[in-house]
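Feature annotations, courtesy of Swiss-Prot:
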- Cys274: active site (ACT_SITE)
- Arg82, Tyr221, Gly222, Gly223, Ser272, Asn388, Ser389, Arg390: substrate binding site (BINDING)
- Lys230, His250, Asp297: Mn(2+) binding site (BINDING)
- Ala273, Cys274, Gly275, Lys276, Thr277, Asn278, Arg390, Arg421, Phe516, Gly517, Glu518, Asn519: GTP binding site (BINDING)
Amino acid sequence: MTTAAIPGLQGEAPTNNQELLNWIAEAVELFQPEAVVFADGSQEEWDRMAEELVEAGTLIRLNEEKRPNSFLARSNPSDVARVESRTFICSENQEDAGPTNNWAPPQAMKEEMTEVYRGSMKGRTMYVVPFCMGPITDPEPKLGVQLTDSAYVVMSMRIMTRMGKDALDKIGENGSFVRCLHSVGAPLEEGQEDVAWPCNDTKYITQFPETKEIWSYGSGYGGNAILAKKCYALRIASVMAREEGWMAEHMLILKLTNPEGQAYHIAAAFPSACGKTNLAMITPTIPGWKAEVVGDDIAWLKFREDGHLYAVNPENGFFGVAPGTNYASNPIAMQTMEPGNTLFTNVALTDDGDIWWEGMDGDAPEHLIDWKGNDWTPESNQPAAHPNSRYCVAIEQCPTAAPEFNDWKGVKVDAILFGGRRPDTVPLVTQTHDWEHGTMVGALLASGQTAASAEAKVGTLRHDPMAMLPFMGYNAGEYLQNWIDMGNKGGDKMPSIFLVNWFRRGEDGRFLWPGFGENSRVLKWVIDRIEGRVGAEETVVGYTARAEDLDLEGLDTPIEDIREALTAPAEQWAADLEDNAEYLTFLGPKVPTEVHEQFEALKKRIQAAQAS
């Protein structure tokens, strides 16, 4: 196929990959865009797109002195978060999607979406965005190409992925790639005026696991539209991982170095908005300890030649929740944004062209423009920034970025943490007995709801196995089987699994543990447990730290609060048993025998504790 066969293509196609060119030509015929542009990932391209989006009213250029080369986008109020009810796993067999996913027959879904896609890019530019998951130097890279009519998405992907010419070169003339289609679903007829944030009330976020395709329609927001993020890095990658013998997980990756210079690496799975980014960017309060971030959201875990599990961050940027981020809770995130080059979405705008959100340092300004574009004062009875408002910034700007984030081999994982928001029941930190016990603990992870999903009822408890509930690309029971299989393969070289809970509350509702930088004290105990240097108390859930096992020097939290935070009350665990049993039943017949056996053992421990 020649370049001429792609109507509207600007200039020559920078590739001879016939499969790619044919696919683009088919997409042009379907979407009917006005122009087709290959994104090259250059600074010139970023600057040009930014200027165009400022002119269109999609972006607001922020104060150049305070936020150089940074922009604010305000989305349509109907398009502010992931939409789980419109997210589909379209496997050939419904059973392969399992009980936790919405399923539709792939052929029927493709026919349905083809109709909404038809002509959906009229009057718009279709961008061809080649990207690489993880470091571009990987000899066996996972590649993708997204076709999108959103320049905001292209700008976001330049931050979030290794995108552009280098990725296209990596695909080469016959390389394989995951095909990602995205349209905001807002065609422009001739003479029709555009809106600042085009989207459609009808939304689809669809994954096809057998063919490794992603089709998205109707949303311009984050994870619905930046298809390299949750759609590829977790939903499609988890399917690849099961087929190829690795794991794609919703985990941060943290490098910790002790005063002796020994480095350790921790991967941690928490549900969205439960503190992954804060932990990934932790500033340890214990003297002599150093923390560096490898990733804050997604980890791909693979065995290397030495038989150990290594973690790679497939992303290149942070897409962090803004509200609550400040110089006390997460100084590293704030410092990462200081050099600029940041895309903000749905935060508030100050009168001098800076940004603001709830929980930022200092008092709220006397006047703001809120995320909907309206005047706001401290007397206003609604938040100035949307609870799920975001900042998007490159990892390389982070002052504590570990150099290993650019190493395709990744880092050896010494410990895995699971954790959510539980006001009671779950102690501050516990080591599980072994990999199978840890898998069961992860399978029964439950947390309070957050605003990261558009449909969440905030505060209610929801089960979230391994923090992967919205992101498993296949049957949840088979996903847990992959955990068991990985443990069997790795044997005694597998990392230890721990359960943490920063959010225990006292009877009066106060937090019992100060959290944030003080969590380094818990991480030190985790490392000391791995090295066999510190004790623990056996509780119903595992080996739980005692107050005297933690390094509490210089901490002014009452010792009684810490002791209470470390309890694992058998009666509270007993109260969860029925709910947990029902949940394992809900997950279906493919849940591994080992998980059921571990749950039965937990029940026996709880009954024995209650009897004594």
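Glycine residues also receive a Cβ, built from the backbone N, Cα and C atoms like all the rest.
Remember, it's a predicted structure, so these values are computed and weren't measured experimentally.
For the pair Ala273 (GTP binding site) and Asn388 (substrate binding site), the Cα-Cα distance reads 9 Å. Neighbour density for Arg390 (substrate binding site): within 10 A of its CB lie 28 other CB atoms from the protein chains shown.
Under the DSSP three-state reduction, Thr277 (GTP binding site) is assigned to helix. The full span of the recorded substrate binding residues, Arg82, Tyr221, Gly222, Gly223, Ser272, Asn388, Ser389, Arg390, taken as their largest Cα to Cα distance, is 16 Å.
Note on proximity: among Tyr221, Ser272, Cys274, Asn388, Arg390, the recorded positions of the record, the Cα nearest Glu518 (GTP binding site) is that of Cys274. Listed in sequence order, Ser75, Asp79, Val80, Ala81, Arg82, Cys199, Thr345 are the same-chain residues six or more apart from Tyr221 (substrate binding site) with CB atoms under 8 A from its CB. His250 (Mn(2+) binding site) has a Cβ environment of 25 other Cβ atoms inside 10 Å. In this structure, the C-alpha atom of Arg390 (substrate binding site) lies 15 angstrom from that of Lys230 (Mn(2+) binding site). Here the binding-site residues are Asp297, Glu518, and the one whose Cβ sees the fewest other Cβ atoms within 10 Å is Glu518.
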